[in-house]
Amino acid sequence: MQAKDSNPPDGGYGWVVVVSAFMVMGLTAAVLKTFGLFFVEIQQHFDELASTTSWITSVTIFVFHLGAPVASSLCVQYTHRTVVITGGLLAFSGMALGFFGLNMVWLYATTGFLQGLGISFSWTPSISIVSHYFSKKRALANAIASAGECAFAFMFGPFFQWLISQYGWKGALLIIGGIQLNICVCGVLMRPLASSCFLEASHCETETPPGNGSSRTDKEDQSPITPKTFNWMLVRQPEFVLYAIFGILAAMSFFVPPLFLVPLSYSLGIDESWTASLLSILAMVDFGGRLLCGWYANLHVTKTIHLLAMAITLISTSLMLLPLANNYLSLAIFTGFYGFFFGTTVAIHITVLVDVVGMPEFDSALGLFMLIRSTGGFMGPPLAGLIVDMAGDYRAGFYMAGAILVLSAGFLIILDQLQQRKIRGSKIRTKPEKSTSPYPSLHILKHQ
């Protein structure tokens, strides 16, 4: 096989894959991001506490992360395309069944479990296949794909608010489920590379034109590699463990602000229509942050892990300041700062994972990272809800999220120091012997 075939396409049909992933991000993560609009409606309908209602989002987030390694493993056998289509059907089922709204447990099982599994089976393969199609432009491609989340959230904020006002929260869930069926269309467009999802380590990643089957040699090459595609031993690598701890702490914080932003604005006496616009502002600046950071990261001027650490620090600062808002204007300003820096984080955190483990181990690392991070997403919203119930103020949830993010930034700093130490150690070991001969050219010939 030719050497050029071992390189990702870095363009071409890859941009179609990026657009498809962009759509999937919008139809999955954006729905989860704007689910806070349903929070008060569901809470009032069942007359439950904030901590009880927040378990719907918590279950969704937990299953979303828990299903990531399952989705990654299924890609090996059935390709990214098949898994994404399955995810679209599961997401639709979760919302459609949530329409019946029998009780809180029913919502945990439908809009929580099924929706979370659908998001996992759609989101994970979409992010993975983008990274396989791109190498030099990976940061930019990931940023564009992830921007679908905020682009759709910008529209979903007022749209979901209108759906709830016209059809009630139950009818809105059914309609949203129907919209999510478009995930299946996006999955069809995700044409697999001939080397499948997880075979980049074998240096045989080539693109098969539609309608052409893989050669006998390709099939023979794939068979012994498939069992090794998911590497659980990554948990023994200190760099991966540090990044996974960062992921746990970040997940505990990231899902709290969108969940409590709407209730906080209501507590300040802000009208519902203005409250929906806050989510649109959040999505708009988030979109700008992702594209700007993705473009800057693609210049390779600053290490991506340094960019990530700075973004996390600025997010935590924004969350600490956001509760100081006492009217719509100040709340919109602080929301804008938080959304922009959050966007920069999302744009590069997957790229940092590639830098930590290397592309041959990326698919295993992505599934395992999402699995480990699920504990943070599972604990974060209920913990914040409990703190809100105890304090009697939604501001307490934002303070908690900001404090945890400060702690997570510390693990990024430790990870960077560990990587720098290994690089210095590698340079020392490979440093050539210093010549003491007055004839350097003879010394070089000697070693040749």
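One is the number of the first residue shown, and numbering goes on along the chain from there.
Glycine is no exception: its Cβ is also placed from the backbone N, Cα and C atoms.
The transmembrane segment annotation in TrEMBL covers 12-35, 55-76, 83-100, 106-127, 139-160, 172-190, 240-262, 274-293, 305-325, 331-354, 366-384, 396-415. Marked as domain 'Major facilitator superfamily (MFS) profile' by TrEMBL: 14-420.
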When counting Cβ pairs under 8 Å to the transmembrane segment (12-35), the leader among 274-293, 305-325, 331-354, 396-415: 274-293
The transmembrane segment (305-325) versus listed stretches 83-100, 106-127, 240-262, 331-354, 366-384: most Cβ pairs under 8 Å: 331-354
Maximum Cβ pairs under 8 Å to the transmembrane segment (331-354) - stretch from the list 55-76, 83-100, 172-190, 274-293: 274-293
Result, the transmembrane segment (106-127) in contact with the transmembrane segment (240-262) (3+ CB pairs under 8 Å): no
Among the ranges 83-100, 366-384, 396-415, the one whose Cβ pairs under 8 Å to the transmembrane segment (172-190) are most numerous: 83-100
Tertiary contacts of the transmembrane segment (83-100) (same chain, 6+ residues out, Cβ under 8 Å): 24, 27-28, 31, 71, 74-75, 106-107, 110-126, 170-171, 173-174, 176-178, 180-184, 186-188, 190
PLDDT averaged over the residues of the domain 'Major facilitator superfamily (MFS) profile' (14-420): 82
Residues from the same chain, set at least six apart from the ends of the transmembrane segment (55-76), whose C-beta lies under 8 A from its own: 32, 35, 39, 42, 82-83, 86-87, 104, 107-108, 111-113, 115-117, 119-121, 123-125, 128, 196-198, 226, 229-230, 251, 255, 259, 363-364, 366-371, 373-375, 377-382
Residues from the same chain, set at least six apart from the ends of the transmembrane segment (274-293), whose C-beta lies under 8 A from its own: 30, 33-34, 36-37, 143-144, 146-147, 149-158, 160-161, 258, 261-262, 265-266, 307, 311, 328, 331-332, 335-344, 346-348
Distal contacts, the transmembrane segment (106-127) - CB-CB under 8 A, six or more residues away: 20-21, 24-25, 27-29, 31-32, 42, 55-68, 70-72, 74-75, 80, 83-84, 86-95, 97-98, 100, 142, 145-146, 173, 180, 183, 186-187, 190, 197, 350, 366-367, 370
